[in-house]
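Quick look at what TrEMBL lists:
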COMPBIAS  180-190  compositional bias 'Polar residues'
COMPBIAS  208-247  compositional bias 'Gly residues'
COMPBIAS  254-270  compositional bias 'Gly residues'
COMPBIAS  271-290  compositional bias 'Low complexity'
REGION    164-300  region 'Disordered'
SIGNAL    1-21  signal peptide
Amino acid sequence: MVHFNSLLFASLALSLSGVNGVPAPLSKRIAQTISDSTTKWVAACTAAGGGQQCGQISVNAFTTLLAAGDPCAHQDAADQMVDLAKTLQNNAQVIQLAQVFVQQPRNAPDSLSVLYCQKAPKNAELNGLFQCQFQGCNPTVFTGNVKVGAAGTIPFGMSSALSPAGSCPANPNGPIADGSQLTDITTNPGVANAGNTGGNNSNNNGNNNGGGNNGGSGGNGGSGGNNNGNGSGNGNNNGNGNNGSGNGQCSSGNGNGNGNSNGNGNGNGNGNSRATSASSAPQSASTAAAGGDPSKPFLLNNGKEAIAQNQQFGALNATSPCNEGENACVESQFAQCVGGKFELTACAGGTICAALPLVNKAGTSIACTTVADRDARIAATGAS
């Protein structure tokens, strides 16, 4: 019997080996609790007066860390975080934590390194920043079995492979432990003058700080870009509310450039992301659709579509079949289909995941919001 066990163990050992006794390569999925990546940013944003916008933008941001995401979606989300920070009197901590977030590793479903975004960010505060990799990722092979040196394997703006591989400005010594959060390691994004984003030299010109901040046409105090540029200061994007998206929700507001009395509405204005503003939306939607706005004939249909989607979501559970990349609400949580299975992310306290009607164009969005806000938005379209 002892001999049998010895042979059995030997056989098992051989079965786990490749040719000539070399262990066969193993692949594992490297993941994380994605909602943890924005926890500190949300806290800073809320303390700075960002309100419910903080939670909405956070959901949009951390879902970009899921596997199979667009390489630039992560950076685009960080741009939205910085956009909001600039409406909060250029809050340095909110910007700094956004700079750290954009360097958080993304999930790796196959133990391969994740490709880098190949475009410049919207906000200069994110220039030169890119994600770290997790330690368990293959440092020389990227998603799709792409070898180092090929497109997407070198951060934007660089001409040679990273050294050390897997590092990022916030953690220059190399990759971080699998599943860990960069904000638990550091709050320093690793860039010069981190947090000093308000035009710290004669050429920075307020660095997009004049986004309508309580003033509209002149950015908080004329053409000085929020009065933060200490040099020639022309305020770059001075306070036009970013094309007048004046209500902080995903709509064009009244086009008068008052920038939501908070700043620019900037970055939240495309109406098709999950980063809609739960706090301001009911007012905007009811204004746009009261009595049925003839200039927006799609509103009623948007409301009906949102109702239908929410009914469909009610029938889903964590084991429901799904299509790769599909977004939905499952058991009141935000869900994204990864590998044929929904990955669930809980909404912030007191909110649920729901389909909401857009107010500026045909369609709906998925967001974490309150039941009252969901019902108010839908009712404002005239749908029932």
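Heads up, residue numbers simply count up from 1 along the chain you see.
Glycine too: its Cβ is placed from the backbone N, Cα and C atoms.
Across the compositional bias 'Polar residues' (180-190), the DSSP tally of helix, strand and coil residues reads 3 helix, 0 strand, 8 coil. Within the chain, the compositional bias 'Polar residues' (180-190) has long-range Cβ neighbours (under 8 A, six or more residues past its boundaries) at 32-33, 36-37, 39-41, 96-97, 99-101, 103-105, 129, 132, 134, 168-172.
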